[in-house]
Amino acid sequence: MAVDMELDGGGDGKGKAPPQISLSGLFLACMVAGGVQYGWALQLSLLTPYVQTLGIPHALTSVMWLCGPIAGLIVQPCVGLYSDKCTSSLGRRRPFILTGCIIICISVIVIGFSSDIGYALGDTTEDCKVYRGPRYHAAAAFILGFWLLDFSNNTVQGPARALMADLSGRHGPSAANAIFCSWMALGNILGYSSGSTNDWHKWFPFLMTRACCEACANLKAAFLVAVVFLGLSTAVTMVFAREVALDPVAAAKRNEGEASGLLAVFKGMKNLPVGMPSVLIVTGLTWLSWFPFILFDTDWMGREIYHGRPDGSPAEVTAFQEGVRQGAFGLLLNSIVLGISSFLIEPMCRRLGARAVWVMSSAVVCVAMAAVSVLSAWSLGDFGGSVQDAARAPAEEGGVRASALALFVFLGLPFAVLCSVPFAVTAQLAASRGGGQGLCTGVLNISIVVPQMAIALGAGPWDELFGEGNIPAFAMASVFAAAAAAAGVVLLPKVSVRSVSMAGGH
């Protein structure tokens, strides 16, 4: 059943209210989201295709992504809980943001130099221009960096969102989430621009080695730029996010007798705000519909649309890499629409209600995922529907490729809803009971990562049953999107117009 609610503002309830911050100050305080998202964009657009060049088969690439859900399941709720109680002089959120960003920098350097690490450990003595075999040491280094990156991303993301809710004040959580979403869009634009650029190796030729040819050097350079941008954005956030530290004595008294660690997280889940369980259910279904595309979008462009293979002939590899770059360009267009749309979400919620906006976005995703499946079948239709057959045939399908890019653009608005509305509703629900922004954000993340675990475990084997393509996963995503829309109509709380714009503190 839907729950009608009138939610008013309220701080976190765990100490002095933060000083009032201007909208421009709030914008600068959120800059770390852009830095983190830059690296995340590179991870999404390039790493699934790249790891296949190291010898990991397509069916196992989704399993590699298990690290994100596992990290989200363990790290974000715990970090959210401890950040609610942190008594550091830097404040509650900034210590976790700073630590996570340092680890992100280390992890992306490991990923960028994974081929060189594997070469040093004895993968091969041949030059990368002639060697086409597996490089398992490089793959191991890559996966280590990949997992470390996901754990550190989760360390930053929960406190960063909670920080925005803490500081939002009179601007409200919807405005804070719109700013967060706009920084994500900017990070995506920069990251996907880097991923779609094929000239990094020309600008930084010293990054090419016997183990690292052009594609590898492009990846390496893009991640080194990510380190610089993340360092800058973290510094700006640390300066402008002026938190008020918790009083250690008062915090100790308040925390006496409370459970700690994961026990506290599960204890907190028993006392969620009214309406939060429904939000968790709909969020889970929504992410089941999105994660196949997030995981395989550039791989889909390389395989189904450009008919390439990461482990095929030189011509097939070239076609695959071109498809991946075009997929990154599609994600760039998607991010531009995301950035524009992020400023439309609050007016839409004010006019239609958060529930209606969320439900309509799920309906759009349902149509889009069905269109992806149809477009893929159309692209492969002349080759018997087989990715392997299509990879050996010439591909001159300008209409199909243009339609594929159009789908990336079409998904920009619902992705803006995904990045904003669930978190804004969660912040309002937390404010309605006087605090716990960090814990509620962490618990919401559980409803995101559990579907991701299901997709990560099942998508690769499921697709392999149908010829190693991505069509079955996208078709199933359309079904989940329809279920999310139906569940949203029945279950989501009806948040008042006033609460959308004003909830979140005074």
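Backbone N, Cα and C define each Cβ position, glycine as well.
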| said: Can you tell me if Swiss-Prot, going by its topological domain labels, places Leu272 on the same membrane side as Gln321? | reply: no
| Other parts of the chain folded back onto the topological domain 'Extracellular' (116-135), taken as Cβ under 8 Å at six or more residues beyond its ends | 54-55, 110, 141, 209-213, 216, 311
| Most CB pairs under 8 Å with the transmembrane segment (276-296): which of 172-192, 356-376, 471-491? | 471-491
| Out of 21-41, 55-75, 136-156, which stretch touches the transmembrane segment (221-241) the most, going by CB pairs under 8 Å? | 21-41
| field | Recorded stretch that, among 21-41, 55-75, 172-192, 328-348, 356-376, has the most CB pairs under 8 Å to the transmembrane segment (405-425) | value | 328-348
| Close approaches to the topological domain 'Extracellular' (193-220) from elsewhere in its chain (Cβ under 8 angstroms; 6 or more beyond its ends) | 38, 41-42, 45-46, 50, 53, 111-113, 115-116, 118-120, 123, 127-129, 138, 226, 321, 325-326, 328-329, 331-332
| task | Select the range from 21-41, 95-115, 172-192, 471-491 that forms the most Cβ-Cβ pairs under 8 Å with the transmembrane segment (328-348). | result | 172-192
| Most Cβ pairs under 8 Å with the transmembrane segment (21-41), selected from 172-192, 356-376, 471-491 | 172-192
